[in-house]
Amino acid sequence: MTDRKVALISGVTGQDGAYLAELLLDEGYIVHGIKRRSSSFNTQRIEHIYQERHDPEARFFLHYGDMTDSTNLLRIVQQTQPHEIYNLAAQSHVQVSFETPEYTANADAIGTLRMLEAIRILGLTNRTRFYQASTSELYGLAQESPQNEKTPFYPRSPYAAAKLYAYWIVVNYREAYGMHASNGILFNHESPLRGETFVTRKITRAAAAISLGKQEVLYLGNLDAQRDWGHAREYVRGMWMMCQQDRPGDYVLATGVTTSVRTFVEWAFEETGMTIEWVGEGIEERGIDAATGRCVVAVDPRYFRPTEVDLLLGDATKARQVLGWRHETSVRDLACEMVREDLSYLRGTRQ
């Protein structure tokens, strides 16, 4: 046990945290995860890998914590003495960041600083490697397409602005203190573990529910927004690969393929056996089930963002050349996988 690498994951109960914890355990690590205290259970994504801490073979441990509490983070880092820290915790919903801009800045921006300071104060600079979950939302009103590590940033939300501070403070601590600290600029990555408030999961869950007669209509905002969507399981491997390099750096992880929300909707419903036909324009546009003529998709202006990000498309050439990382799952296969999982869940047959 003492010869094993030790990893600390903030945001371990999220989509990426769950996949990353599973990967690290498979790689032989001792894994510590930080989770926020909640009045309801929030560990569903990691229940299959959790071990009772009194089990002599246990290698996965949870700690209560919060990115807004510096003394708490300092204590956890001191207790765990990690070889690698993966900072995935964040208020990561773009729309919500417009409603909670101060909290988003506190958790996402200053929270990253708190974690870096814990490493520095505890004298772990030469021991601990740091991964920061950055985001393609940094590019916002993209100045060029596709976007790579040298593309100028233009954040278009409080979330993206907070993540921009986090990005640069990681670069600053890397240069000022010699930390092995890397930014992963990850484009959108989804999975059956994606939260239901994110658009891909909202779409696949609704398509499944509508096909089973459990929901009437799916309401969406900008149908023409385009994103570069990949599979989260493949992206967390890229995170791990960054921390295995001799030198730290910043890397884009992306598929290099862009897909509109509209197309993702069509694929999701197609997996349930339904064909969507579009009628109307603008906020009056609707998606009709071709077989029945019933409206199953509608536009709701409340889901438009105050400042939209219309097109994000990533260039992961550096990650391919330096890390040897590449995506494998197509966005269409990803959509179908998510729908199948949602159908199983709603039918009560998911294992």
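Quick reminder: no glycine exception, Cβ is built from N, Cα and C everywhere.
Over in Swiss-Prot, the protein carries these features:
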- THR135: active site (ACT_SITE)
- GLU137: active site, nucleophile (ACT_SITE)
- TYR159: active site, nucleophile (ACT_SITE)
- 11-16, 66-67, 88-92, TYR103, LYS163, HIS189, ARG194: NADP(+) binding site (BINDING)
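Features as recorded by Swiss-Prot, highlighted on the structure.
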{"residue": "GLY11", "record": "NADP(+) binding site", "Cβ neighbours (10 Å)": "22"}
{"residue": "GLY14", "record": "NADP(+) binding site", "Cβ neighbours (10 Å)": "24"}
{"residue": "ASP66", "record": "NADP(+) binding site", "Cβ neighbours (10 Å)": "18"}
{"residue": "ALA89", "record": "NADP(+) binding site", "Cβ neighbours (10 Å)": "27"}
{"residue": "SER92", "record": "NADP(+) binding site", "Cβ neighbours (10 Å)": "23"}
{"residue": "THR135", "record": "active site", "Cβ neighbours (10 Å)": "25"}
{"residue": "GLU137", "record": "active site, nucleophile", "Cβ neighbours (10 Å)": "24"}
{"residue": "TYR159", "record": "active site, nucleophile", "Cβ neighbours (10 Å)": "27"}
{"residue": "HIS189", "record": "NADP(+) binding site", "Cβ neighbours (10 Å)": "27"}
Per DSSP (three-state), TYR159 (active site, nucleophile) is helix
If you measure C-alpha to C-alpha, which of THR135, GLU137, TYR159 (active-site residues) come within 10 angstroms of ASP66 (NADP(+) binding site)? none
In whole Å, note down how far the CA of GLY14 (NADP(+) binding site) lies from the CA of TYR159 (active site, nucleophile). 17
Rounded to a whole angstrom, what is the C-alpha distance between GLU137 (active site, nucleophile) and SER92 (NADP(+) binding site)? 10
Just to verify a number: CA distance, GLY11 (NADP(+) binding site) to the residue listed as 'active site', in angstrom, no decimals. 15
